[in-house]
Amino acid sequence: MNDPQQPRLTPIDEWEDEAEAMLDGVEYDTELGLRMARDAIRVSNGELSDAEFHEKYHEEILEEFGEDERPTKPEGFDDD
Amino acid sequence: MTNYGLVIDQERCIGCQACAVSCKQENNVPMGQFWNRVLTEGGDKIDTPSGGYPEDGGSGSLDMQYQPTACQHCENAPCVKVCPVNATYTRDDGIVEIDYDKCIGCRYCMAACPYNARVFNWDEPEQMPEEGTGDVAARPQGVVEKCTFCSHRVDEGLDPACVVNCPADARIFGDLDDEGSTVSKYINEYETDQLLEDRGTDPKTHYISGEMSPGRPQTSDKMESELDDVSPWSDGTEDVPSDADGSDSSDSGGSHHSIEGDADPHVPAVGSGGDD
């Protein structure tokens, strides 16, 4: 069963293929979504801070979506 | 502060899919979609057993282990961190929700969720019956949706539909920040796991395995915190048996206990009406 629409646990070595399938056809940057997904897990397990994650993708998010409303924004972060 | 979580006793789970169906009904989940599934471990597909039938007089190795899976409402939710428009957010009570008015359907949250707990409405959602089911409005085409811990019920002081409708009492919902809650006591007293712990997401769903717990203590559809007394095993001094072996209650097998106080009798939340 490889239907990415259905909840299931994905072995880590299959995750990237499934993530690509989920983003297939999306009208936004697929590669950005994959990189952010990978790094979001790094944030969760402590390899990357919220602030680092926010800054790393802020410009690309703004360019792609015209806004960046992620809750990871550090205090005093300059949006401009 | 309240921090809602779920304990699922895999030793009590009988794989009946009542949680999946009641979730679908209560939350008006479209045809072809599920927020809540009971997977099996080790088989070729998500719902097939592992092992094989006895052959040629052998003993066989057929085995069916159930793995109920839905949104884990992670403390460190990757889906929340990647949402560019803050449509996916964590409520003050710990429930991870989606603001469907804000969701732009980029599906970054789906890619970031290690549990594949989210589904996307590729087409205009179809309900059966057409007017829908349950107490939640249908979500539009082009948005992502998922389990909400039945936040609309929780806000009314009721347990999630999957919890109330589990015939094996295998699902227990409550406040993880309350040391006296059943969920907290079970996590302390039984061997529990979280799914994919190495990802650091700190799910608020905990799974009991190895030794069967007494299960969900109350027979009411109200949350434990709404009841005066959920002490079916004792004189009220202790809500949950302190001995991990559960002694005389661990073999209840889904039967309901007597209950004191003003608790309502157990009334299934699922009404009539079909679904796929």
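A Cβ is built for glycine as well, from the same backbone N, Cα and C atoms used for every other residue.
Here is what TrEMBL records for this protein:
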{"type": "COMPBIAS", "residues": "B:196-205", "note": "compositional bias 'Basic and acidic residues'"}
{"type": "COMPBIAS", "residues": "B:236-248", "note": "compositional bias 'Acidic residues'"}
{"type": "DOMAIN", "residues": "B:4-34", "note": "domain '4Fe-4S ferredoxin-type'"}
{"type": "DOMAIN", "residues": "B:62-93", "note": "domain '4Fe-4S ferredoxin-type'"}
{"type": "DOMAIN", "residues": "B:94-123", "note": "domain '4Fe-4S ferredoxin-type'"}
{"type": "REGION", "residues": "B:194-276", "note": "region 'Disordered'"}
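Tertiary neighbourhood of the domain '4Fe-4S ferredoxin-type' (B:4-34): same-chain residues 40, 64-68, 70, 73, 93-95, 119, 121, 125-128, 132-139, 145, 147-150, 153-154, 160-176, 182-183, 186-187, 190, 192, 204-213, 215, 254, 268-271, 273, 275-276, selected by CB-CB distance under 8 Å and a gap of 6+ residues from either end. Helix, strand and coil counts under DSSP for the domain '4Fe-4S ferredoxin-type' (B:62-93) come to 5 helix, 8 strand, 19 coil.
Secondary structure of the domain '4Fe-4S ferredoxin-type' (B:94-123) per DSSP, as helix, strand and coil residue counts: 5 helix, 5 strand, 20 coil.
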